[in-house]
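Copied over from TrEMBL:
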ACT_SITE  H17  active site, proton acceptor
BINDING   R172, E274  substrate binding site
DOMAIN    192-338  domain 'Glycosyl transferase family 28 C-terminal'
Amino acid sequence: MKAVFRVDASVEIGTGHVMRCLTLAERLREKEVEIFFICRELPGNLNHFIESKGFFVHRLKNADDKIEKITNHSHWLGVHWKTDVLETIEVLQSQNMIDWLIIDHYAIDKQWEEKVRPFVKNIMIIDDLADRKHDCKILLDQNFFKNYRNRYDSLVPNHCLKILGPKYALLRSEFLDEKLQRKRDGNIKRIFIFFGGIDLTNETAKTLEAIRLLKREDIKVDVVLGRACPHKEKIKKLCLMIPNTTYFCQVNHIADLMGKADLAIGAGGTTTWERLFLGLPAITLITAKNQADILTALDDAGAVWNLGHGNEVQPKNILQKISHALDNPDLIQKMSEKGKSLMGVDDENRSDLIRKILEDENEFN
């Protein structure tokens, strides 16, 4: 059994797509599925990181072409989609028949997928946007929207198995450790700050300014950045200036840090579902267009406190929300419980993506 991932990371794309694909890849590898990745060498890519996890990466060269706008994210491929699909097919043809091509890329849609279909048995799509058509056998969207059950009704074939909602979130194995599941009382002694692996707009610095203004040396603060973050040195210096604040870069124990925290401050990327799963209450800022509806829906559900778009949020706004959290442990405790409920943490029949794939394709058995 062989599965291939077509996914990219870059300064603009961020790291979340690759990280959730790695989670799925590791789960499939446990089932003795042979895995490799196809990734373009975009600025800020994670190709070395993928390889460090024991997976082979077929690297596609970055041509930095002028990209025709076919979808809202067409330029994320780094080349015209026809170039990308031809290069992908060349890699696929060099292999024996691929059982599953798993695509996590906002720049790829039905016309790309139709071109590769003769070279793979099955196609699976991981998406968040529901803004384009797909030709696939399985579609996964782990997000929470008010209408999340119906968003893809007209976008995928009738035979497509739609796996929808946060109960199917791709959680890294370290988050499944039962020791991290603790009853939270709403009191805040430790804060976790993480705005994704890149944090291009440097929301971390803004949040650290709020922490400085808070003047609560009794509260510990953990700050996490990715290796590709362009603001690493500035953030490192800021952390040294604030008591009880610790700087981390590209950590392997992020689940442990989140498990110890009582409040998180971050964006609405893939870490959202990890926070909710742990029952870690969060103050959030929207740092990408596709996060807006998700964080708004989660705020309405009482699972996060969303401050709005990052470019409209000032340190004083973050400070006010932290102070409100400190003064209202009962509200923080309720937020924790709501997050766990949305993720199905206490559900013995919690949905498992791998099991769904196994049921859908007995070739995996």
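Each residue, glycine too, has its Cβ placed from N, Cα and C.
If you take every residue in the domain 'Glycosyl transferase family 28 C-terminal' (192-338) and average the pLDDT, you get 97. DSSP assigns E274 (substrate binding site) to a helical segment in the three-state reduction. Broken down by DSSP into helix, strand and coil, the domain 'Glycosyl transferase family 28 C-terminal' (192-338) contains 75 helix, 28 strand, 44 coil. Under the three-state DSSP scheme, the residue listed as 'active site, proton acceptor' falls in the helix class.
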